[in-house]
């Protein structure tokens, strides 16, 4: 707990132990307090038109549940605070309602139509004030209520509220709408006003004393409503207790006023700073205007100078271009003649060459077609031979498969017959019912078999005795027939082979020679085979003949090419060479000429390379100097400005450094003088500040101690003494002149030990500050001082001070002297500060010049060296141009010699061919031989394979195998006889097998079962053999079909390829060309050679045509260029003449106005026209803005924008210079040059800015002052809370015997106050920062001393503003004295319901009283506001507690509206009995009003 809190506890204990005193809240006012007179409800639920007269103290609404008590109070609250965002009558809101319901308990209390809730009050002035609201239900599901507030004034006392709001319509009354109510009082003395905002409505009520506090915002309304709600529902409201600071503690204005004073002084100082900034803006305008004007005009000035120089160069170049165009035109005309002649020659040769090329191309196509046909023929011959072989193989395989099919068919038929016979036997046996029948059946079958054998064999006498003999006989015949069939098969096979060979040989002969008679096939085959040997021999010679013909044709072609080349060479070289000796001699001559020209050209190239190197070196030097030249000119300009500023002429860099050193010494001396004057000025300011204090004290701690001890400074008591007496009293008290006068020294003595910060010597004098005398010392006044008898053994002599502490008049007189002296010292300080600033600026310029331009400023002029380099470069360019012409002539001679040598290199190897005259005949003879060989070769290639196959089988053609058909018939007949004999053998075998059955004629049937089994086994065996035979037959047939299909495919393929082969042979015969690989190569090389020659001819002709077109176009262009060059030259010459006239005018104007040196900025001469125009355009844009307010400069600038008159820009620059010269304040700046004026303005403004900035620091409020103000405010409010506690000390509710308010300073904020007071140096970085406001610095300090506290998302400015409010430093709580527990925090959980209601009501009474005192200054002095609180359900209070409330109301002159059940009847005040009744299906509330009936 801090010291302040301990002091507060001590004062609280003292007040509680003292005798009861009358509360400060009940003074004897001469002004009566306003009172609420009545509440009127119109068209509410149960109250159509009811007025409740309110008692001056307590009005009680008594009734049962649902009688309308809460509705009445709701009407009162609604009229008092018509804010739908706040109103919420909880006890009537439906249970479980959600936020979606907007009723808030009000909608259900109203009836349909217009409703009113009106309050009538009588204020301190005796005025009748009627305020209220019009309510109306809004149709819809949200249960909205529309509220409109209004007021009435000057209403006579005789008019009732009901008569005002209703009108009589027959026997009924009608509620007037708000518009009709307004119309009713239009033109009368009654003032009707409708309010569109709740704030205006409450402002009216506050001004007339209806409510205790001005409710400016929704937050204030919320506080007021929460106060009413807390009183309405009773108890200790947590909403109120948690924010008692906002309800009880008024807003502090001390710190705000201090900050306003500080801001006022700072505002004045900053206005001066703003004026300085305006002057700085003038300075900036000076600087901006002169800079932009210089850029604008000088860039255009240098651009015109460059353009003038460039125009002269362009004129010279155009004249040179004119002459060059003439020479080029003559050269192109000569080229046109030469190229036209060559094109004519090429056109003559092109047609013949094109015909040769077409012929060669056709021959190549024929050869290639022949080769392709030959390849196809060979491929098809191979394929046909291969297919024939496959066809023969397939034919043999097919015949074998056919025989297998026939054998399988016969075997299958026999198997079928055997199976059918066995099945018939089986069926017969099955029909027998017993063995006897079976045997009989077998016997019958045996007889049938015997008959069958007789018929089949033709033996009618066949029986069991001779059956075996006949079987043996027929078996022998079968063997003989089998041998005969085998023999016929062999003969048939041999005959078939001979037939096959004959057919094959005959087919081959037909393929070679075509269709011939079979009888003449042998002769034709013999002749073909005889010629085949010679043809093969002749075909082998075709390769050698072909090679030989290729060589001859190649030599013949080379001979023709040599003749062509020789003709071309003679034509181009203008010679008539025919022999090899002549050509070789000319070749050696041209080779020697080529070597001479190459040597001469190499020498020219070397010389040119050397000259180009020299030119590159000169260009590099020139470019380097050109880069250095702008910086050199800039350095020269800076040197000139520096010499003007320093008044010195610098010859070398050493002189600049020496002057810079001297300037440093001068600056040091001026700085020492300025600092001495500053110290004197600060000392005078300190004296003036001390004497300006009300008490003249220079120690602020004395004021704090005086406030803490409750005393007054001695100097304040003597503040009104005269000037003559002031020295006497100052000397009388001596060192005790800073003493503090207190009422009781003993009461202060206990606090002295607790002092932490106080002066070394603290004097305390006991006395009454209101009646203090000087009888403290025994003194005697002397001439120069006072002798004071401190004690019998100690005297003190004090001289009269020159500046007495006592007496405001004496201090003010001395203040005038000090201020005059300070003004003089300040003026001297300003002069010295100006000198220091000037030295510093000059030193800054020197440093900048040394760092930037010193290395170049004293070097020679680079432009002179550039002129020398330009002259050397021009001479080298002339020599290079001359060498280029000579080089071109040599290269032409070199190209001509190389072309001739190239043609001779092609001709010389072919000279020997030119003398061979028989080459063409030999080539023709060889070609004829080759044709014959190629025919034989083609025949061998086509039919060689057939003849090779024919040769081994040709002998088969001698005899035709015509008896093959007869042999085949014999074979078939023998095979049929063999089959008949085999059937007879089988029938006889069957009879033999059934021999036993013949004995069954009379046998018993004991053997039938065995016979059946035997037949079944034979049947199964026969069926298996039949299935096997059928499978073999199907396989054989499938194989036969497959082989037959393959054979058919091979035959069709062979026929197709044979036919294609015949067609290819006919086609190659039609072509008439026998192609081979060499023929194709020869034809292709011939075609390519002719194509290349033709392409070369055409390319050359195309090139020449293009060149002719180009030359013609070039001639036209050159002709136009020549005319244009001549015209441009004359135009440029006129332009140069005109520019010279304008330039002379510009020079004359600039030289006469002495601005040429500022415009002729040589560093700009090295920039391009676009860059200079960009500089000028940017400056023009800035100047348009800068001179927008100056009509003269604006017009001059507009005139200068004419690019045809550059002299107008110079005139504008002169006008700007003159304008700035006129604006220079000669009383401050001693120069006529605007640039110098800018420099002096910068120095002066910098000094003024520094002085005002330091003054602003002095004006800023200190953290210590803020801490003192906060402490005083907190102490004052603690005392006020103590006074409020006196009004609560005699309150008792049940076991509660006392209620009090406890106020404490928060520990974190107490630490902050201590840091503000004592940590000035420690936290200097925060409050001396220029970047932080005082509020932000305060917040940062709070965070620094309380690092454990989180600031959240709030800004330091917001936190700092909260920390300037003293209420945030305090914690305010309510405590009750209850039984043996003593003083404890008031909480609803620790108190009974009645005690909580009484305690809460007591607190609310104090809040209302506090609000009245807080708003006293804002309210008229003749107005005391009404006081009224509510209490619903007062049954929770006993009679004693209710009487206590009555006493509180009487003591505090306050009204109270209570709702109680029927069994509660207060003894005093007005009581209304409310009973809800229903009459004629209409519900209403019956009201009976009584006064004090409880006593009876």
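Backbone N, Cα and C atoms are what each Cβ position is placed from, and that goes for glycine too.
In Swiss-Prot this protein carries:
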BINDING   63, 64, 65, 66, 67, 68, 69, 70  ATP binding site
COILED    328-493  coiled coil
COILED    536-632  coiled coil
COILED    861-1171  coiled coil
COILED    1235-1291  coiled coil
COMPBIAS  1082-1091  compositional bias 'Basic and acidic residues'
REGION    694-811  region 'Flexible hinge'
REGION    1082-1101  region 'Disordered'
Comparing the binding-site residues 64, 68, which residue's C-beta has the most other C-beta atoms within 10 angstroms in this structure? 68
Give residue numbers and ranges for long-range contacts of the region 'Disordered' (1082-1101): same chain, 6 or more residues beyond its ends, CB-CB under 8 A. 342-343, 346-347, 349-350, 353-354, 356-357, 360-361, 363-364, 367-368, 550, 553-554, 557, 561
Taking the binding-site residues one at a time (65, 70), which has its Cβ surrounded by the most other Cβ atoms within 10 Å? 70
ATP site, defined by 63, 64, 65, 66, 67, 68, 69, 70: further same-chain residues with Cβ within 8 Å of the Cβ centre: 1459, 1474, 1476
Cβ-Cβ neighbours of residue 66 (ATP binding site) (radius 10 Å): 12
What count of other C-beta atoms do you get within 10 angstroms of the C-beta of residue 69 (ATP binding site), across all chains shown? 25
Taking DSSP states H, G and I as helix and E and B as strand, how many residues of the compositional bias 'Basic and acidic residues' (1082-1091) are helix, strand and coil? 10 helix, 0 strand, 0 coil
Looking only at Cβ atoms, how many others are within 10 Å of the one on residue 63 (ATP binding site)? 22
Using a Cβ-Cβ cut-off under 8 angstroms and a sequence gap of six or more, which residues of the chain neighbour residue 67 (ATP binding site)? 1474, 1475, 1476, 1485
